[in-house]
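For reference, the structure discussed in these notes is given below.
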Amino acid sequence: MIIAIDGPAASGKGTLARRLAAHFGYSHLDTGLTYRAVAAALLARGLPLGDEEIAIAVARNLDLARLDRDMLSSHEIGEAASRIAVLQGLRDELVALQRNFARHEPGAVLDGRDIGTVVCPQAPVKLYVTAKPEVRARRRTDELLSKGKDADYGEILADLKRRDQRDSNRSVAPLKPAEDAHLLDTSEMDIETAFRAAVDIVDKVQRSKAG
Ligand SMILES: Nc1ncnc2c1ncn2[C@@H]1O[C@H](COP(=O)(O)OP(=O)(O)OP(=O)(O)O)[C@@H](O)[C@H]1O
Ligand SMILES: Nc1ccn([C@@H]2O[C@H](COP(=O)(O)O)[C@@H](O)[C@H]2O)c(=O)n1
């Protein structure tokens, strides 16, 4: 069973994906980290972000088991990830890795921007998680402050909007809900309520598959 979760930046898709994976005993991949890891390697070596061949070479050396969320979480890396994510050849390379991960048994939860539309269009469960930009920016600000990091609400809101705009308007694998995705707007939901709503959706699909 594959659970595909998409949504804009800081919408809560990762939180939901981790909780669903733990609940159902599935493996989880945050595909944003694959783009971030390539971007971080390019930035660390002072390499250009627009060179597809170099980005592909870096992607070929990625080890999904070594993606470190904390090390890849900065604004700068997120912005660079969104800039390299327009490169079709790089996406092809990363999508192949992600599809391979999706074969995990008994199931896999993948979250990103194009999981339901491109990576796993056959997934029986697709969720599109969203929330108002101001709510997402407030949650991300609080998250950073709670970790003792600097966080400016205005800057974070502008960053989220800029990335959403780029991710939604690119010609390759743009951010959008799959036609058969269940929409989950969590603007007015806490984490537990969103999780329960998602579990209900997955349970319903599992029951209908069972007969
Ligand atoms: N329903 C919710 N209510 C309140 N806070 C939430 C909710 N869902 C997620 N959060 C919080 O919002 C922040 C962003 O969530 P999360 O990191 O899961 O988003 P994301 O979509 O995976 O982000 P990214 O695009 O950076 O990968 C986290 O601090 C998380 O704890
Ligand atoms: N399936 C995906 C996942 C991510 N991206 C791009 O990476 C950027 C960072 O992603 P986060 O989930 O860590 O915020 C994001 O802004 C996208 O540009 C993608 O294209 N496809």
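Cβ coordinates are placed from backbone N, Cα and C, and glycine is handled just like the others.
No curator has checked TrEMBL annotations; they are predicted automatically.
Marked as ATP binding site by TrEMBL: G7, P8, A9, A10, S11, G12, K13, G14, T15. What TrEMBL lists as domain 'Cytidylate kinase' is 3-200.
Where TrEMBL records a feature, it is marked here on the structure.
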| residue | record | CB count, 10 Å |
| --- | --- | --- |
| G7 | ATP binding site | 29 |
| A9 | ATP binding site | 22 |
| S11 | ATP binding site | 28 |
| K13 | ATP binding site | 28 |
| T15 | ATP binding site | 18 |
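The 6 Å Cβ screen around ligand 2 retains A9 from the binding-site residues A9, K13, T15, ordered by sequence position. Those same-chain residues not listed among G7, P8, A9, A10, S11, G12, K13, G14, T15 yet with C-beta within 8 angstroms of the centroid of the ATP site C-beta atoms are L16, D111, V129, T130, A131, R136. DSSP classifies G7 (ATP binding site) as coil under the three-state reduction. Looking at the domain 'Cytidylate kinase' (3-200) alone, the prediction's average pLDDT is 97.
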